[in-house]
């Protein structure tokens, strides 16, 4: 899965008072502002759109201090704010609002990446029919959790009278306005979400590094066999140089090329999978209980696009079209689920238990077109690495740079940090050569926490003072999803680690 959370601002105001910051050159897609920007627009039904320079703004993000100030003002006796007449979508100041189609394209791009190429391996660990049904169920649950997050964001925005919130701010605000005894943990909740975002993106970077190396190795092995670690070493320096570019605006052509290569590569891969398909009886309908957690980890890794949901909804020209039965979110996730199910089903049916961690590695070595596909996908993922890398850098860089007084010192520290983090993902990829296992591990550890565990907890705390519906159906539903996510987290992590250590010692 290729996540677009790099477009979400994860930086916080390190100084006490909230203040408006000028958008820096290194963050062309980010804008920080406080609630004061919108004081004059309350009660208006018109969403103002400013003309602006070429830089894009996806979300208006607020500091923790401004959120705390909002949650502490205007409280009634139940601890809730009077939210009558406030519609957060009417108070968003956007520089480049996106259309429904633009949002759909970004949603698809945010959910389709290396995860889709690993779905046949996931079906191998589940079985043909269990994987077929399980993937559709997993897609439905993940989509519902995305709706939960959007609904909680809207409720909290109305309650705090804030135009928009990001993932970590929603977690913070749900605790801050929830049960009184748990409000002291609001900052901890925010840090946990940010930490899992960091782990997720570092995991993605590690998968991308290994994916590129293994696909290049598969091509070159037809002529000359070299250890995969040599390819990782050769990739290290170009990867460092590419990620020293701090302004995403300059990487837009790179992202476009990567998207085109991915679409073409997937189309050709489909043509190979659908050619001379064997009978369904040649593969297992159900694999085993022992490997089912590996399926869970890979599937949730592929579906974990929840980090892109709020940035996209916050930036829409007509955000009311995002949710709903035929909204952008449901439309996009139905397409994603169909693609994942198709690739997993036909990929496993075509190659059976011989399927590898990426379906591209099963394409015939001697075929020129298949070799071209592997190179195309390797180049596309290599170019996409920098987008995944943007989030962990933005999380750590403000803390590191705060220890330096001069601008030269800050720039040097930022450069060294990027080199260190890229090298760290390189070392992880070197230590774990099993692509399928590392994808499953990343999915089980961080993706399940963000996609299945966090949204139910946020919803429970958000509607604590509002109510959970008849027979408390919302509460029981959230508890069931949370238990499902926790089971996948524990068992998926355990089985993935066992699989990594087993194959590492073989």
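Here the Cβ of each residue, glycine as well, is placed from N, Cα and C on the backbone.
Under the heading region 'Disordered', TrEMBL lists 1-97.
Residues annotated as compositional bias 'Polar residues' in TrEMBL: 1-15.
Look at TrEMBL and you will find 96-497 tagged as domain 'Amino acid transporter transmembrane'.
Feature annotation from TrEMBL assigns transmembrane segment to 126-150 (among others).
Taken from TrEMBL, the feature transmembrane segment applies to 192-214 (among others).
As annotated by TrEMBL, transmembrane segment applies to 226-245 (among others).
Long-range Cβ contacts of the transmembrane segment (254-274) within its own chain (Cβ-Cβ under 8 Å, at least 6 residues beyond either end) map to 109, 112-113, 116-117, 242, 342-343, 346-347, 350, 359-360, 363-364, 369-370, 372-373, 376-377, 379-381, 383-384, 386-387. Annotation comment: TrEMBL describes 254-274 (among others) as transmembrane segment.
TrEMBL lists 294-312 (among others) with the feature transmembrane segment.
Within the same chain, residues 107-108, 111-112, 115-117, 119-120, 122-124, 128, 131-132, 135-136, 139-140, 142-143, 146, 266, 269-270, 272-274, 277-278, 280, 282-283, 299, 302-303, 305, 359, 362 sit at least 6 positions outside the transmembrane segment (333-351) and bring their C-beta atoms closer than 8 Å to a C-beta of that stretch. As annotated by TrEMBL, transmembrane segment applies to 333-351 (among others).
Annotated transmembrane segment per TrEMBL: 371-395 (among others), in sequence order.
Taken from TrEMBL, the feature transmembrane segment applies to 416-442 (among others). Through the fold, the transmembrane segment (416-442) approaches residues 114-115, 118, 121, 125, 199-200, 202-207, 209-211, 213-214, 228-229, 232, 235-236, 239-240, 243-244, 293-294, 296-298, 301, 356-358, 389, 392-393, 396-397, 400, 492-493, 495-497, 499-500, 503-504 of its own chain, all at least 6 residues removed from its boundaries and within a Cβ separation under 8 Å.
The feature transmembrane segment is assigned by TrEMBL to 448-467 (among others). Through the fold, the transmembrane segment (448-467) approaches residues 78-80, 141-142, 145-146, 148-149, 151-152, 155-156, 167, 170-171, 174-175, 177-179, 182, 193, 196-197, 200, 296-297, 300, 303-304, 306-307, 474-475, 477-479, 481-482, 484-486, 488-489, 492 of its own chain, all at least 6 residues removed from its boundaries and within a Cβ separation under 8 Å.
Taken from TrEMBL, the feature transmembrane segment covers 479-501 (among others).
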Beyond a gap of at least 6 residues from its ends, the CB atoms lying under 8 Å from the transmembrane segment (479-501) belong to 141, 144-145, 290-291, 293-294, 296-297, 300, 432, 434, 437-438, 440-441, 443-445, 448-449, 451-453, 455-457
One stretch in 126-150, 226-245, 294-312 has more Cβ pairs under 8 Å to the transmembrane segment (192-214) than the rest, namely 226-245
Tertiary contacts of the transmembrane segment (294-312), defined by C-beta under 8 angstroms and 6+ residue spacing from its ends, are 1, 3-5, 7-8, 58-59, 98, 103, 106-107, 110-111, 115-116, 118-119, 121-123, 125-126, 130-131, 134-135, 138-139, 142, 145-146, 149-150, 153, 164-167, 170, 197, 200, 287, 322, 328-329, 336-337, 340, 436-437, 439-444, 446-448, 450-452, 455, 488, 491-493, 495-496, 499
Long-range CB partners for the transmembrane segment (226-245) (under 8 A, at least six residues beyond its ends), listed in sequence order, are 209-210, 212-214, 216-217, 220, 251, 254, 382-383, 385-386, 389, 393, 415, 418-419, 422-423, 426, 429-430, 433
